[in-house]
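Structure, as C-alpha cells:
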Amino acid sequence: MERGRSNIPPTNYSSIDDTISILVVDDDITCLAIVAAILKKLKYEVVTVKHPNDALCTLRINGGAFDLVISDVHMPDMNGFELQRAITQEFNLPVVLMSADDKEEVALKGLESGAAFFIMKPITPDDLKDLWQFAAMKRKEKANAFEERQKYIDSDESVNEDDDGKRKSPKKERCEDKNGGNSQSYSQKRPKIVWTNSLHNRFLEAIRSIGLERAVPKKILEVMNVPGLTRENVASHLQVLVFLSSDNHI
DNA sequence: ATTTGAATAT
DNA sequence: GATATTCAAA
C-alpha cells in the first residue's frame, strides 16, 4: 500500500525551537477541541485523536516523533494511565495526564506511574503555556523516582531547579545525569534535601499507608526507604506539612 | 537511651 | 522560604 496518510506532513516533529508538536488524546470531543484550540493559540503543533489506540497508531506511524502527549485519564478501552505506560514503554515521550478528578490520589498515581505532569480540568491556557518545558527535558528522559534520589544529592550549591521557584504547579523533577564535565560530585557534606514532587509524593504515600495518626518520622522513613534520607529530614518536612495542614492553606 | 515535636538557626 | 539543627520532654 502507498502511504496514503493525508494530513500528516512528513516534516519532522522535532523540538527545534520552531514548533513543538503535541498529541492530544481525549474521548470527550468538546474537551479535545478546547485543549487543541488553546494549544494552537499557544503556537503548538497539535494533532488530536479521540481514542487511545489512535494515539498509539499515530505515534507508530512517525516513530513517536512528537514532543509531548497530553491524554485524558478517563477513556474507554484504555485509560490514561495505561496509555501513558504504553507510550513510555514504546517511545521516549513525556506524557501529561489531565482529569476532572481533583482527588489528590489520582494526581499522585499519575506522577508516580511516570507521567510528566498532571493537569486538572477545566483546563486553562495558563496550565498549558509551559508545556514546552517537558518537551525540552525529554531529551534525556530516564529516571525512576527511586534512583534519582540517590543522585540529586550532589549539588553543593543546592540550587536545584526542581521548581525553579515557580508557582503551585506540580512538576516532575529532573536531576542532572552523567557528569557533564562538572565532576564536583564528591560531596561528603550532604547538601540540603530537596523535596521534589516524587519524593514528596512518596512521603505522602508513606503517611497514608501508615495512617495519619501513627505516622512518626522514624516509621515514615522506614516506609519511604530512601537511601540517604535521615529521620531528621523527614521530621523537618513533617513539621512543615503539619503546619500547612493545621492552617487554612489550601 | 531513643525518639518526638516545637523552636530556632541557617 | 525551605530545610537543618537544637533542645526539652515523653
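Positions of Cβ are set from backbone N, Cα and C atoms, glycine also.
Annotated features in TrEMBL:
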- A:164-179: compositional bias 'Basic and acidic residues' (COMPBIAS)
- A:21-136: domain 'Response regulatory' (DOMAIN)
- A:ASP72: 4-aspartylphosphate (MOD_RES)
- A:149-191: region 'Disordered' (REGION)
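Secondary structure of the domain 'Response regulatory' (A:21-136) per DSSP, as helix, strand and coil residue counts: 52 helix, 25 strand, 39 coil. For A:ASP72 (4-aspartylphosphate), the Cβ neighbour count at a 10 Å cut-off comes to 24, with all displayed protein chains included.
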